[in-house]
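A.B. asks: For reference, the structure I am asking about is given below.
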């Protein structure tokens, strides 16, 4: 059976890439595409919006009217919109792939609660390469983390509204967990003025917002006399879109539960 996928935020940069990714993937088809209420894009053909030609799927601003046209919703929007979509999917037994970042603790708790009813893949980054980097960071932290300074540096396009990026925070969390540290306590997100000497157990974060940078992340494990750098650079959003579709296909036979790309890629068995 073909998995029918809906895309939230279809008119955005990521939404258009997701439409392309669904169209080119095997075993799935685009069932619906959504935009915010009153959007000028409502009624536009989703394929034409994404630059791949007519698909016969019109952009809608009403999930209820389209609920019989999809099995799974891919959502890369904003927290407030995603939470509305989560409530709808729980009420209508739809699976979800969530790539939205910037959720507060209440938002994350809502996702966890929803996963008791439906199957969800929730990840800060759907790139296969980035998720492999998460595992490499755990290995590096285990070997070097207690003996060096750790810094996470990330860069994104000027339109990104949250900082540090969800991926950078996930990198910090993987490192902190490996070292038995609490990122809330040991993470340093701003340095200005007279800061005093750096503490060895800090995990520092630096953010760059410029131009059209798709996404770059680098982690330093810096010791006296040597430094190990682990980095990832994305040159196209298609890497995230393809990963999200892969996650959706992986969810097809899952009834409920909260998963991430580590599960999708079976990275714990590396």
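From the backbone N, Cα and C atoms, a Cβ is placed for every residue, glycine too.
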A.B. asks: Suppose a student reads Swiss-Prot and sees 9, 10, 11, 12, 13, 14, 99, 100, 101, 123, 124, 125, 126 listed for NAD(+). Which of 35, 80, 151 should they find annotated at that same site?
C.D. replies: 35
A.B. asks: Hey, does DSSP put residue 123 (NAD(+) binding site) in a helix, a strand, or just coil?
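C.D. replies: SS state of residue 123 (NAD(+) binding site) = coil.
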A.B. asks: Going along the chain, which residues six or more apart from residue 166 ((S)-2,3,4,5-tetrahydrodipicolinate binding site) have their CB under 8 A from its CB?
C.D. replies: 101, 102, 124, 125
A.B. asks: Going by C-alpha distance, which of the recorded positions 13, 123, 156, 160, 167 is nearest to residue 36 (NADP(+) binding site)?
C.D. replies: 13
A.B. asks: Under a criterion of Cβ-Cβ distance under 8 Å and sequence separation of at least 6, what residues of the same chain contact residue 123 (NAD(+) binding site)?
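C.D. replies: Spatial neighbours, sequence-distant, of residue 123 (NAD(+) binding site): 98, 99, 131, 247, 260, 261.
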A.B. asks: Nearest by CA distance to residue 9 (NAD(+) binding site): which of the recorded positions is it, out of 156, 157, 160, 167?
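C.D. replies: Ranked by Cα distance from residue 9 (NAD(+) binding site), first place goes to 160.
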A.B. asks: Note the Cβ centroid of 157, 166, 167, the recorded (S)-2,3,4,5-tetrahydrodipicolinate site, then list each other residue of that chain whose Cβ lies within 8 Å of it, in sequence.
C.D. replies: 101, 124, 125, 154, 156, 160, 162, 165, 168, 215
